[in-house]
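I have placed the structure first, in the form of structure tokens, so that the comments after it can refer back to it.
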Amino acid sequence: MIMKSGGEYPYLMEGFGPLLAYLYSWTTITVLKPSSFAIIALSCAEYASTPFYPGCTPPQVVIKCLAAACILIITVINCLSVKLAYRVQNFFTVAKLLIIVIIVVSGIVLLAQGNTQNLKDPFAGATTSFGAIGLAFYNGLWAYDGWNQLNFITEELKNPYRNLPLAIIIGIPLVTVCYIFVNIAYFSVMTPTELLQSPAVAVTFGDRVLYPLSWIVPLFVVFSTFGAANGSCFTAGRLTYVAGREGHMVRIMSYISVKRYTPSPALMFNGILSIIYIMPADINTLINYFSFAQWVFYGLTCLALIVMRFTRKELQRPVKVRVTPHHVDELNFCTAFRTYPPLLLFSVIYIHIGHIYMHRCSTLQFRWWR
């Protein structure tokens, strides 16, 4: 509907004005995108190093150095060429689907042989508290996040009115089916406790099922996570670029290489922040703090679509959906508040800092021009 890159950013801009759009860009560019990039790079490094440390967890120094190298390589690839970046993406996506097929087929064979003991009572020992269910929602939502990545590169798509909805319609069901089937395959050889304790679940699965060819599992998982990290870097750079173009980031972020047609400053900025975020001991804490903010912005984006049905009736809408009430964001809000009040407070304070920063910069700019 809106032919601009930046994911939720242009929708918040058109629906509610520059303030909410800026707060979204402030939170996403400085925390959510680089921390997501860092987590995927850490996963890639962990799977790459696990085969060299059989029977024990790889040292954190090794994992973090490999993750930093992964971030550096991906950032350089995206700065060099758009074509090179999407060719890398296509190759590693094929590799990801290939290893998923191998794991799922192996799981089906094991289930057919009667290895169903771990699926007979899947909720044994589970808690049913409101907070536990909410945290399960948060982890699941983060795992399925990525459905909106194409919206970050709308301006670079061919025939977006057709290809964007088609990609979402195909991609979301495909990811859902693959995710569920892979987890069922894991439970065919591992108990829930073993799955939680394993530092690299796919490697453990390969060691038990595919030996002596178990080495292909960590190799292809590295391919998978590397491709996911490449996609995260590709889209994050576009959001930073668009925010810089709109004046919500420093102007240098909106610069594009005249030779390579890539937003190099924006990509470098995202890469530097991602390397910084791999240094803390537990980056998952950071994600827990800001998942609430992320899904609030998702909810506001959905609300913006409803608002624009009345304020921007002239816009072309290739896909129309009936408006029905949803309460997912209400559940997330209540869960965040009841489970971890500091989580809600910290994310709100950080967003408010962005508001203060924007107001201060606007005042200084007005005085400078005057």
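Using the three backbone atoms N, Cα and C, a Cβ is placed for every residue, glycine included.
The transmembrane segment annotation in TrEMBL covers 21-41, 61-80, 92-111, 123-144, 164-189, 209-229, 261-280, 286-307.
Just going by CB pairs under 8 A, the stretch in 21-41, 164-189, 261-280 that sits most against the transmembrane segment (209-229) is 21-41. Ranked by number of Cβ pairs under 8 Å to the transmembrane segment (164-189), the listed stretches 61-80, 92-111, 123-144 are led by 92-111. The list of residues near the transmembrane segment (92-111) in space but at least 6 beyond its ends in sequence, with Cβ under 8 angstroms from a Cβ of it, reads 178, 181-182, 184-186, 188-189, 202, 205, 209-210, 216-217, 220-221, 223-224, 226-228, 230.
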